[in-house]
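Engineer: This structure is in structure tokens; I'll ask about it shortly.
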Amino acid sequence: MIHHEETIRVLLVEDDAEDHRLFSHQLNKSGYHIEVDWAETLAEAIDELRHQTYDVVMSDLSLPDSRPQGTIANLKGYCARTPIVVLTSMDDEVMERQLMAAGAQGYLVKGEFGGRALGRTIVHAIQRQESINEVNALVRELEHSQRMLQEHSKLLHQKNARLKKLYRTAQEFVDNVSHDFRTPLTVIKDYVSIISEGMVGEINEEQQKLLSKVAVRADDLNNMVDDLLDVSKLESDLLGAWRRNVWVEEILERAESLLRLRAGIQGVELVTECEPDLPAVYCDAEKVGRVLTNLAVNAIKFCDSGGIVKLWAKADPSHHQVILGVTDNGPGIDQESLRDVFKRFKQSDEHVKNTSKGFGLGLSIARQLCRLNLGELQVESKVGDGSTFSFNLPVANPVEVLSRWLELDSGRIDTFKLIEIVAEDVSAAPLGDFDNFLNCLLRNHDLLLRVGVARWMLVMAVSPSESSQWFERMRKEFDRVNRNRPLGALPSYRAEIRCEWKASDSKAQLLEKFKDLVGFEADIAEDGQQGIESARNLAPSAILLDVLMPQKDGMTTLAELRADFRTVGIPVIMLSASLRNEQRALD
């Protein structure tokens, strides 16, 4: 903003002395403090501009040494940041537009202005030029920033390319080392097993004990290789989960069988406690078993001879989950070490024999494997009293599983899609094969829920373009698999998007919509034995059981369902035409 008391320096370029006198007179009446220098030719004006700085240049177009078309351009060459006001005797709108396009900031017809109007024209021209100068400065700064950004982007691209190459080299190194480790490990374990079983000659008790230690140490190396591979996959975001309905009892039994020899060698008592009637859980059984084994191996290492390590599982119905854990009566972990116990390469090794140390990766990986199974790993410990590591798994309820997934595993993109997949020709091939096929299509953070005998719900965190790509990939993979199946084609299917939502949408509303979409699906069994087999394989939400059936009646079927840990927790509703069976069935 120009104030009236400020001095405005004007260069007047005019070859007519009378017009110079008239302009000077009008400038004195403008109400602004204006100093005027006079140049009669373009050459004189350029010389002034070389030595002086002006706030505005007022120039006639018809000068002795310049054509009208070139006057503005020549002046702009020496005062690009100074406004130019054109003085002319012609009132021509076309010429005015041309002059403004050439860089002039004002246009005055001689004889048609007074002093105040002339002053305002000069001030407005200065203000417009200042705005243009600011915009040009910003444009130059932006262009400079863009050039710098392009240079930085180029350097970053080069560094990323080098990092990718180094990362691939590291990945290949881990893969090669893992492969090279496994080959001799497999040979060692096989020969140890052959010798231990007496296939090449009788061995004594002491030799058997030494061979058992070799087998355990070979397993340690094998577990270290697994840890290295998992770290590599986790850092590459390539470690996925193959989740499905699983019975906790089966996980505990397998873990116990793998740990029994190790515990015996260490002189540690291994105990398993599993609550009866536990519901099925939804998880990747192999990874849950690895977590449980990893925790138990650590517990056995920390316990002295005569110690006790307990594997246990219990229901937590209030949170719709089952809790698994490992408790030992070892030396315990102090509070300072507890803060770092899940960090990579951290060990509380004060009481551990040097021969038992590993890479310090186990607990860090165990925690991440628990999260892949929609659970959390926790620890409680007191020095002198031992430690308890525990983790939770969601029950095999699609709504509960989706709720967990939304809380723990979905914060990667704004848009989510729910895709329904139905196998239509269920007699074409075993539905388990089709379930395997769908699991092989999953990306790391997708969620696949089997909500019926031949029906699945797939939850994907994707951009709009990715979902269409997924359908095309599914079609191509389906065709490829069917071409190579010796036992017949997979069943035909239909897949469609049932709903979409954003991360900002209400979780409660989404779960209600999911409940409505899942609904009920029934599997039919024509007799009791077939019903028992279906219940064991499918782990249904409920069973409707008729009392009168061929081969095996309802009461006998009910008794067998209640005697099997895989089906004991499934609600059963008896169907009968007679009220006399009601109390018997309830009992």
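Even glycines carry a Cβ here, placed using N, Cα and C.
Grabbed the feature section from TrEMBL, which reads as follows:
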- 9-125: domain 'Response regulatory' (DOMAIN)
- Asp60: 4-aspartylphosphate (MOD_RES)
- 176-397: domain 'Histidine kinase' (DOMAIN)
- 497-587: domain 'Response regulatory' (DOMAIN)
- Asp546: 4-aspartylphosphate (MOD_RES)
Engineer: Once near-sequence residues are set aside, which residues in the chain of Asp546 (4-aspartylphosphate), 6 or more away, have Cβ atoms under 8 Å from its Cβ?
Structural biologist: Gly554, Met574, Leu575, Ser576
Engineer: Within 10 Å of the Cβ of Asp60 (4-aspartylphosphate), how many other Cβ atoms are there?
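Structural biologist: The answer is 23 other Cβ atoms.
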Engineer: So what's the mean pLDDT when you look at the domain 'Histidine kinase' (176-397)?
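Structural biologist: Summing pLDDT over the domain 'Histidine kinase' (176-397) and dividing by its length gives 83.
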Engineer: On the DSSP side of things, how many residues of the domain 'Response regulatory' (497-587) fall into helix, strand and coil, could you say?
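Structural biologist: Counting residues per DSSP class in the domain 'Response regulatory' (497-587), I get 40 helix, 14 strand, 37 coil.
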Engineer: With DSSP as the reference, give the number of residues of the domain 'Response regulatory' (9-125) in helix, strand and coil.
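Structural biologist: So the counts come to 52 helix, 28 strand, 37 coil.
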